[in-house]
Amino acid sequence: MGQTITTPLSLTLDHWSEVRARAHNQGVEVRKKKWITLCEAEWVMMNVGWPREGTFSLDNISQVEKKIFAPGPYGHPDQVPYITTWRSLATDPPSWVRPFLPPPKPPTSLPQPLSPQPSAPLTSSLYPVLPKSDPPKPPVLPPDPSSPLIDLLTEEPPPYPGGHGPPPSGPRTPTASPIASRLRERRENPAEESQALPLREGPNNRPQYWPFSASDLYNWKSHNPPFSQDPVALTNLIESILVTHQPTWDDCQQLLQALLTGEERQRVLLEARKQVPGEDGRPTQLPNVIDETFPLTRPNWDFATPAGREHLRLYRQLLLAGLRGAARRPTNLAQVKQVVQGKEETPA
């Protein structure tokens, strides 16, 4: 009897309930049919080395992410929840994924060159070996307050002709997660999508805050149609930002301020507050519950605590629901009244 070969794709399908739960914890939803289509067809046709049977290799996942997060019309915002869930399974694997992880790469450190050992000096019992005396050091004089000395730590260096030296190294940045590293690398290249990352785990699993920059907001606004023209496209963009960046409450307001008009923001917030769940899971009409779950003024949510992160996760989900609700625009009756039946046209 033949044996069924287990692949990363078939493994995720066998544990689909856990995959969906993992995606839900990140604030997104994934569907099995699209999960299979992306893995077996669309990501394979990107020609970046993605195998049809799937993989938990971070190198392959990063190559697919570059295509998905490409700016403007070249990206695929609708695929963000799926590749983000793949990465989550690879970076924080459950027990059933660990046997299928690729082996870690060996360190690429170069071997230290062998330096010849100095030969021992010839000694003799007739002549004692005298220790070598260090050359005399010049005396350290206290600075003369009247002398025009330059403080090299505070003065700017003089201009040099033709920069041929190595570029100056920038300040060291705190350690961030693989997604944060990927997004920050793209920020160095202005031709690619902006890479702000408001909230990610740093050293000791403590969240660190990276605010949006003006260039991030400008690129998102200039490379995408307005909400009134194509609400679905802009909603997909904002969804990808909410998933990958995990913004705080203030960041969400800044994002809405940059991408939506005042009237559009009011519609989105109104639709989102209609979806606030009550104790039974259905939308509630209790003002205190609505204000606590989806506040219009800055809440006292600490993203460094589990409770604060849970508040932010639910807030981002409701904000996305508000965007989808506001995208369903009502019929403009004024435009309907402008339609006049022609003389040769039938009422049908």
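Keep in mind that glycine also has a Cβ here, set from the backbone N, Cα and C atoms.
Swiss-Prot assigns the feature motif 'PPXY motif' to residues 157-160, out of the candidate ranges 157-160, 225-228, 265-268, 305-308. It is 118-121, from the ranges 2-5, 78-81, 90-93, 118-121, that Swiss-Prot records as motif 'PTAP/PSAP motif'.
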